[in-house]
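Quick look at what TrEMBL annotates:
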type	residues	note
TRANSMEM	12-32	transmembrane segment
DOMAIN	50-186	domain 'Peptidase S54 rhomboid'
TRANSMEM	90-110	transmembrane segment
TRANSMEM	116-134	transmembrane segment
TRANSMEM	146-163	transmembrane segment
TRANSMEM	169-187	transmembrane segment
TRANSMEM	199-215	transmembrane segment
Amino acid sequence: MRPSKTIWVTQSLIVLNLLVYLAVLIFSNFHLSTLALITAGAKYGPSIYQGQWWRLVTAVFLHGNLEHLLMNMLTLYFMGGYIERFFGHIKMLALYFIGGIAGNIASLSFSPLTVSVGASGAVFALFGAFLMYGQFHRDNGPLWSLTRQFGLLILLNFIFIGANIDWQAHLGGLLAGYLTAYVLSYPDLISNCPPKNQRILAGLVLIIIYLLLYIKGLNY
């Protein structure tokens with residue numbers, strides 16, 4: 001399979017995030033309070049367990065301030081460019097949404113009463129996908145070197161993470177991105193692709209892990 005030359009999915013996601021931020025900012029009278037974010041669709045355990053499961057998706061497109069938004073969008077542009085060219089448009093979109101939802105489920109499981117927003121889980125899923133892709137291209141010196149650099153960057157991020165950072169969403173997105181990329185790989189994409197039965201097993205592991213995390217959150 002030829003790598004994609006365009007990254008219109010990545011660009012569209014960035015535009016959508018910017019438009020959502022602007023819309024929420026306007027409707028909240030330019031005051032992004034916690035209440036305004038909850039109203040807009042933030043991740044909040046009590047609301048989700050009352051049936052508002054869509055918050056697992058909408059929270060991915062909400063951001064608490066401009067700095068938060070710009071940091072995530074810059075990283076999305078950088079990582080999304082790699083992933084969309086490697087995996088193609090549809091798989092890039094799948095990785096983004098699965099990673100974002102999985103990150104919110106992980107956050108929900110460990111911090112159900114915490115209001116959280118942001119595309120960090122989705123962005124970390126792209127890092128996870130890159131790690132998986134690089135692992136199966138160790139014969140490509142520059143790519144393998146970049147993979148190890150990203151691995152170190154991720155490790156440092158978790159070691160020196162700030163107090164107000166939702167590390168559970170980061171970790172949840174990272175793991176989901178790696179496993180999803182493993183499932184979505186195939187011989188035309190990766191020459192030494194893992195066997196089909198291993199990819200099916202990875203998919204089952206992915207589903208079971210996040211189902212258990214969701215159930216765990218029910219006991220808050």
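All residue numbers here begin at 1 and follow the chain in the order shown.
Just so it is clear, glycine is given a Cβ too, placed from its N, Cα and C backbone atoms.
Outside the transmembrane segment (146-163) by six or more residues, the chain places 124, 127, 130-131, 133-135, 137, 170-171, 174 with a CB less than 8 A from a CB of the stretch. Note on the domain 'Peptidase S54 rhomboid' (50-186): its mean pLDDT in the predicted model is 95.
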